[in-house]
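Notes to accompany the following structure.
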Amino acid sequence: MVALQVHFLLVPSLMSILGAAQYVMQDAALLSYIDQRFLSLERRLEKCSQDLLEYVDEFRELSKAALARLARLSTDKAELKEDVENLLTRVERAQRDIDYFGSITDSNACVEVHEDLLKQQLLEEAEEKKRLKLMLNASCDHMLAGIRSLKVVKKTGGKHGSWMKDPGKKHAKIYLLSGSVNNVVLEFANIMAFMENNQTLKARRVPLPVPWEGTGHVIYQGFLFYHRHGSLNEIVKFHLQRRSVADQMLLPGAGRVPAYQLSPQTKIDLALDEQGLWALHAEPETGGNIVLTKINPVAMAVEHSWDTPCSSRDAEAAFMACNTLHVVYNSPSGGSSRIQCVYDVLGALNAHTNPGLHFPKRQGGHSSVHYNPKEKQLFAWGDGSQIIYKLHTEKKV
């Protein structure tokens with residue numbers, strides 16, 4: 001019985017001793033593992049230090065080589081500078097020799113060269129004038145001598161707008177473009193339909209994809225040409241029947257200042273005459289004078305430009321007739337409109353002031369004035385009224 005009790009007492013003690021021994025062995029193994037890892041890290045650090053020393057040595061060698069090359073380049077630069085100075089000295093000597101030989105050469109050769117250059121310049125100017133006459137069809141031989149009468153056809157719309165016919169078509173349609181910014185063209189069958197009181201009910205509405213700006217639009221051969229609102233100098237060619245944009249172009253130099261001081265809403269004024277499509281605008285570089293541009297309506301490209309002496313100051317509108325620019329002036333308060341500057345691009349008429357060409361029987365300003373080369377009349381918009389002016393022409397002298 002006593003032995004059995006001793007046995008039960010010894011067994012737990014032995015188990016606790018064995019457990020403690022097991023933990024001691026595990027700790028020893030863990031310490032051994034940690035020791036091995038530290039040794040591995042030391043070897044890696046030693047190798048890294050050795051590699052770094054090798055890199056430092058290589059960099060020092062590279063620096064020495066670079067310094068040596070820079071020193072050689074400095075030497076080469078000094079030699080090259082000396083060679084260039086020697087070459088400049090020889091060039092100067094050669095130039096002096098050339099000047100000497102030139103001074104003793106017979107001056108008649110220089111006179112002949114100058115005469116040849118002058119002849120060439122005159123020939124080129126004659127060829128350019130001939131080309132312009134062919135382009136503009138010099139058969140247009142009449143000039144504006146006066147404005148005979150006016151007819152107020154209708155009073156509709158606001159202060160700004162334009163109305164017109166298409167001189168390139170046989171029909172008698174009337175087109176109304178009301179406002180300086182809008183995107184709806186009203187088309188009437190004829191002038192009688194336009195004059196009726198309920199004329200807007202009988203009009204065909206043609207919406208535009210982008211609105212116009214100003215009042216300087218024209219309709220020619222079934223197309224509306226206008227300055228696109230929001231653009232500096234983009235001209236849009238719009239097909240009225242198909243209701244689609246056919247082409248666009250940019251007019252160089254235009255759009256920065258108004259074409260006419262008294263009509264600031266118009267930056268580009270398009271015009272028609274017997275020779276086709278023109279564009280009028282002003283530029284700061286010309287001192288505010290009007291620049292005239294001939295445009296090919298098919299290719300939508302500039303054919304030629306002229307800097308005219310006609311000022312945009314106190315101008316309210318302008319129109320083309322038979323290759324000639326006619327600028328309409330007025331007072332800021334709105335007096336009697338008059339044509340004061342006339343400019344013929346072919347030079348048959350010199351630009352001049354002509355105070356005799358007054359618009360008859362009317363006080364006030366014009367928002368737009370467009371010439372119809374087919375009917376030889378002016379279609380004007382004045383303070384909301386649609387007006388027709390009949391013209392008196394004479395043969396150019």
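Glycine residues also receive a Cβ, built from the backbone N, Cα and C atoms like all the rest.
Of the listed residues Cys48, Cys110, Cys140, Cys140 is the one TrEMBL pairs with Cys322, by disulfide bond.
Checking the ranges 63-97, 98-132, 343-377 against TrEMBL, the coiled coil annotation falls on 63-97.
Not one residue of the same chain 6+ positions outside the coiled coil (63-97) places its C-beta atom under 8 angstroms from a C-beta of that stretch. Ranking the disulfide-bonded residues Cys140, Cys322 by how many Cβ atoms sit within 10 Å of each one's Cβ puts Cys322 at the top.
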